[in-house]
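Pulled from Swiss-Prot, these are the features on record:
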type	residues	note
TOPO_DOM	44-106	topological domain 'Extracellular'
CARBOHYD	N70	N-linked glycosylation site
CARBOHYD	N85	N-linked glycosylation site
TRANSMEM	107-127	transmembrane segment
TRANSMEM	152-172	transmembrane segment
TOPO_DOM	173-181	topological domain 'Extracellular'
TRANSMEM	182-202	transmembrane segment
TRANSMEM	210-230	transmembrane segment
TOPO_DOM	231-234	topological domain 'Extracellular'
TRANSMEM	235-255	transmembrane segment
REGION	379-398	region 'Disordered'
REGION	404-442	region 'Disordered'
COMPBIAS	404-435	compositional bias 'Acidic residues'
TRANSMEM	487-507	transmembrane segment
TOPO_DOM	508-512	topological domain 'Extracellular'
TRANSMEM	513-533	transmembrane segment
TRANSMEM	552-572	transmembrane segment
TOPO_DOM	573-582	topological domain 'Extracellular'
TRANSMEM	583-603	transmembrane segment
TRANSMEM	618-638	transmembrane segment
TOPO_DOM	639-645	topological domain 'Extracellular'
Amino acid sequence: MPPPGDQDCARRRSRRRRRDLLLSQLCFLASVALLLWSLSSLREQKELDLMDLIGEDRKWMVGRKLMQVNDTLTSEDAGLQSSKNCTEPALHEFPRDIFSNEDRRQGAVVLHVLCAMYMFYALAIVCDDFFVPSLEKICERLHLSEDVAGATFMAAGSSAPELFTSVIGVFITKGDVGVGTIVGSAVFNILCIIGVCGLFAGQVVALSSWCLLRDSIYYTLSVVALIVFIYDEKVSWWESLVLVLMYLIYIVIMKYNACIHQCFERRTKGAGNMVNGLANNAEIDDSSNCDATVVLLKKANFHRKASVIMVDELLSAYPHQLSFSEAGLRIMITSHFPPKTRLSMASRMLINERQRLINSRAYTNGESEVAIKIPIKHTVENGTGPSSAPDRGVNGTRRDDIVAETDNETENENEDNENNENDEEEEEDEDDDEGPYTPFDPPSGKLETVKWAFTWPLSFVLYFTVPNCNKPHWEKWFMVTFASSTLWIAAFSYMMVWMVTIIGYTLGIPDVIMGITFLAAGTSVPDCMASLIVARQGMGDMAVSNSIGSNVFDILIGLGLPWALQTLAVDYGSYIRLNSRGLIYSVGLLLASVFVTVFGVHLNKWQLDKKLGCGCLFLYGVFLCFSIMTEFNVFTFVNLPMCGD
C-alpha cells in the first residue's frame, strides 16, 4: 500500500482539479437544458393529435405509475382515471413550489435550473471529500481485498447519486425518473466519456483487450437481463432479486480476476501485454522473474501534443530505483486488478512521479539528465535492448563513466532527500489549504475567492455536520462521516430530483427524458472530467474500463436494489410497473451502444484516438435524439401527454 501521505496528496489534487472544472460542467448542463427547452415545443404541437389517437383500448394505461403494485381499482378511482387522457405529473409528490407555473414560464424556472446545478456540485463535493474517504476507512477496517472493495464500496461511492435518484424515483416520485437517469448515465459513461477522452487526451492510447472485454461481456449480460425483465412493463420480486444476485456473481468474478485473466491470456496467447494493451514491448533479460519496474517503463508508440508532459514516457527513458510503495503502485495498475483500483492507483502514481521529476535538480526544461544506476548485467543501450558491447553502459557510456556517475548520484541522492523532506513539510503546511473549502478561511486570489464565496453555503453546512475523516483527529469518526454524508447525499438527491421535476413540468418534458438527459449528465460529468485527466497522462485504458465497469453497479444495484426492497420488504409479492413504454427502446439502444463501442474499438485496432472519439460522441447525439423523439411519440405512441394544472 502507498504511504498515507501520497494517498492524501493524490486525493487532494484530484478534488481540486474537479473543482476547477466546475465552469465547464455547468456550461454543459446549461446547453442540455437549452436543448430540452427547444424540443419541448415539439411535444406541445403533438398533444392535440395524441388526444385523438387515444382510443378506448388505451384507457387502461391512464394514470399508471412506476409503483402501482396491483391492478385492482375502486370504482371511484376507475371513474376518475377513465375521465383523464393524460399522465399525472410527479410534481404533485413533492412539496408545493413557491412559484406558480405561470411565474416559472415567465422566467422563474431559471432559479430552479441554478439550484439543480448547485445540487450537482454539492453531490460531487460530498461524495469526493467525505463519502468515498469514509468508505476507504471501512474497507481498511474490514480488511477487504482491493478487488472486492473496488467492486462494492468504491463502486457505491462513485455511483451514489444515481442510486439515491433511483430510490427517490421508486419510493417518492413513483415515476420513471430513476430508471431514465441510470439508463442515460450508462450511455453517457460509455459513449461520451470514451469520446471526450479520445478527442482531448492529446495522444493515441492503446487499450487492453482483457479489461474491455471482461466488463463489456458482463455489462451486456446485465443489460440483456434488464430488457427481458422490463419487456412486459412490470418487474416482479424474483426479477429484481436476480439483478442483485448477478452483482454478487460479479463480485466473485472480480475476486478471482487474476486467475480468469491468466486463462484468458493462455487462450489468446496475449501474455506479456501488461500495460495499455501494448504488443510491441521491449524484451528484458530474466523475463521470467516478476519485476515491478517493468510496469510503465516501456516506451509507448503514440503521438502527443507538446503541451502535455508525458510522465510515463519520461519514466521509460529514465527509470530510477523504486521504493516499496512505488513498486506497489505500479503492480496495482496492471490488468490483474479491477478498473476502479487501477484508475485510483494510476492517479496516485502519476502525481507522485510528476512531482518527483519536477523537483529533481537535474530535470530542467522538459529534458531529464538524471544518471541511471543500472547493473552492468542488465545494461540497456538507447533504451531499446541489451547492449552488445561489454564495456559500455547506458547510452554508450563506459564503465568508468558509470562509476563516476554513481558517485555523483550518491551526492545528488542526499541532496534530493533533503529536498524531498522540505517538500513533505511544505505539503503538510498546505494540507489545510487543499481539500474542501472551510467557511472561515477565505483563500487568496480573486478566482479562488469567487469559488469560495460560491461554495460558502455548502461549506458552512458540511463543516458543522460532517466530520472530515481525512484529518488525523477525525479519523476515528469515519462511521459518523459515512452516516452523515449518506444523509446529505439523500437530501441533495431529493432536492436535485425535485428541481428537475419542476423544470420538466414547466417545459412540458416527461420525467424519463429529464432523467436520460439532464440528470444523467449532471451525475456523470464529474466522472468524465476525472477520466479525461487520467487519459491525458496516457492511462486511457483505465478510464475506458472504469466507465464501463461502473455501469454494472448502476444497472444491477441502482435498479435492482430499490425494486427488491419494494417487492420483497415493503410490499411482498407486489410488482413494479413502468410508466413509459419508450424505456424499452432506450435500453435497447443502450445494448446497441455496447456492441458498437467494442466493435469500433476492435476496428480501430484497440486504439483510442480522435477518430474513435468523434464516432462515440456522434453516437451519443444519435441516442439522445432518438430517445427524446421516442418519448415525444414521434415514431409511435408510447406516452400519454402530461396532465396540466
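The backbone N, Cα and C atoms fix where each Cβ goes, and this holds for glycine too.
Outside the transmembrane segment (583-603), and at least 6 residues removed from its termini, the chain residues within Cβ reach (under 8 Å) are 176, 179-180, 183-184, 186-187, 190-191, 194, 207, 212-213, 216, 219-220, 223-224, 226-227, 230-231, 233, 512, 516, 548, 612, 615-616, 619, 623, 626-627, 630, 638. Counted as Cβ pairs under 8 Å, contacts with the transmembrane segment (152-172) are highest for 487-507 among 107-127, 182-202, 210-230, 487-507.
Spatially, the transmembrane segment (235-255) is not adjacent to the transmembrane segment (618-638); fewer than three Cβ-Cβ distances between them are under 8 Å for residues at least 6 apart in sequence. Per DSSP, the topological domain 'Extracellular' (231-234) is made up of 0 helix, 1 strand, 3 coil. Of the candidate ranges 107-127, 552-572, 618-638, 107-127 has the most C-beta pairs within less than 8 angstroms of the transmembrane segment (487-507). Take the CB of N85 (N-linked glycosylation site) and look out to 10 A: across all protein chains shown you find 17 other CB atoms. Note: the topological domain 'Extracellular' (508-512) comprises 2 helix, 0 strand, 3 coil (DSSP; helix = H, G, I, strand = E, B).
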